[in-house]
Protein chains: 2
Amino acid sequence: MARPLILVSNDDGITAPGIRTLVEVAREIGEVVVVAPDGPQSGMGHAITIGNTLRLDKSIAFDDMDIEAYECSGTPADCVKLAKHHVLKDRKPDLVVSGINHGSNSSISVLYSGTMSAAIEAAIEGLPSIGFSLCDYGHEADFSHTRPFVKQIIEQALKHRIPENTALNVNFPKKSGENIKGIKICRQARAKWQEEFDERLDPRNRKYYWMTGSFVNFDKGEDTDEWALINNYISVVPCQFDMTAHHAIGILNEGWQF
Amino acid sequence: MARPLILVSNDDGITAPGIRTLVEVAREIGEVVVVAPDGPQSGMGHAITIGNTLRLDKSIAFDDMDIEAYECSGTPADCVKLAKHHVLKDRKPDLVVSGINHGSNSSISVLYSGTMSAAIEAAIEGLPSIGFSLCDYGHEADFSHTRPFVKQIIEQALKHRIPENTALNVNFPKKSGENIKGIKICRQARAKWQEEFDERLDPRNRKYYWMTGSFVNFDKGEDTDEWALINNYISVVPCQFDMTAHHAIGILNEGWQF
């Protein structure tokens, strides 16, 4: 059997340590092609580039591993679109993986996440896909404990497939003294970021702001991604791109008058 | 009773004709505050500004109507966050409305939409919210036929409330000779954009790309937003921010081996 073709992208940019870890693991399993942003694209959500041009250039970032790689001026979703319809026009990836993100993309962060937007874009394109994130924002983050699990999850995805129209959102606990307890399939916790704005003055005395904030989890459920991560499990949330609140259709039809 | 407080944002920027229409209608119903991007932010999805500073300045864009307005350097989601936690720190909007977008945000476009990201961000913040879009991309688009319906929908939302944790995605058919048939509560159609990349050479002979593409609707359902719009109805899709594919949790738990 031919080795599976695995497309790798991310949102921290093609030179981030996280994507290097992911490529190193993916190449043990299949043939790898990388199409990733040429710089950081964190927090880009499901942005795409529509009013601007896009650049796509061959990258030397993975020459040491002899892996075909491209860097793109656009967003993670752009990268997947360019990969599918341009770079891999005549070949179909067996799996798309994104990450490993430097920082959590659990619960509500999935909406803001460039890592997950690459995975969700792949799912829209009908490609099985997984976004991987580590709950450690540091550039120097230690990804070593994720490797055997990344490999296991990719192998399971290739063997058992990912349910149609879903992308997996995988988050790893930060490396600690304790061993990871295992993998849990979860739902997205009800949580939000509580923003604060740090107001400052620039050298010309004009105001500007830094967005800061803290994460608030309203959800006590033990079937959530937040519960899993706090308890040192890897969380896997299947995500869909149908945003319809189906339960609300009946409520609106009954309550509203047109 | 005090007049309701309505926060208005958009993604085409504070000077777009669409937001002017929305403000004109909203001020007939309540007190209006505008916090909108200082320039176009189309296709920004649920992007937020995390690695950069934000500007927020008083705007003169609605001085002729004596309306408090601010322009922000960030994304639509940033605008709502700044409005909630800074501009309206001591007041709570009764409703957040976004748009009216120049162009459709029906079906899959909800994911790429800056207009809807403002509405969804408001829902995450616990605020009732509606995104309005017109299926006409032109800067010169005619919004006149939307006015009575925008008013009706805002009034209904204030009277009957919007189901918790949902934001409404409202799309209007482009103005035509035919009258609009009415309003339909719908689900998001299964559809996608089929991208193509127009490859060109810059003056230095380096390649660049324009993303183009066509919309493909796979969904024949008569309960979808696409069906409603094609049949000259206004589509209203309640959207949620829980991305979990709940049905897939069981599939993964049964099929995968950990």
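Cβ coordinates are placed from backbone N, Cα and C, and glycine is handled just like the others.
Just so you know, TrEMBL annotations are computer predictions that nobody has curated.
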Of the candidates B:N101, B:N165, the one that TrEMBL places in the divalent metal cation site of B:D11, B:D12, B:S42: B:N101
List the other residues in this chain whose Cβ sits within 8 Å of the Cβ centroid of the divalent metal cation site residues B:D11, B:D12, B:S42, B:N101, in sequence order. B:N10, B:G13, B:A16, B:G18, B:P40, B:Q41, B:P76, B:G99, B:H102, B:G103, B:S113, B:G114, B:T115
Specify the count of other C-beta atoms within 10 Å of the C-beta of B:N101 (divalent metal cation binding site). 31
Which of the binding-site residues B:D11, B:D12, B:S42, B:N101 have a Cβ lying under 8 Å from any Cβ of chain A? B:S42
Using DSSP and collapsing to three states, where does B:N101 (divalent metal cation binding site) fall: helix, strand or coil? strand
Helix, strand or coil at B:S42 (divalent metal cation binding site) [DSSP, three-state]: coil
Using a Cβ-Cβ cut-off under 8 angstroms and a sequence gap of six or more, which residues of the chain neighbour B:S42 (divalent metal cation binding site)? B:D11, B:D12, B:N101, B:G103, B:G114
Sparsest-packed of the listed binding-site residues (B:D11, B:D12) - C-beta count within 10 angstroms: B:D12
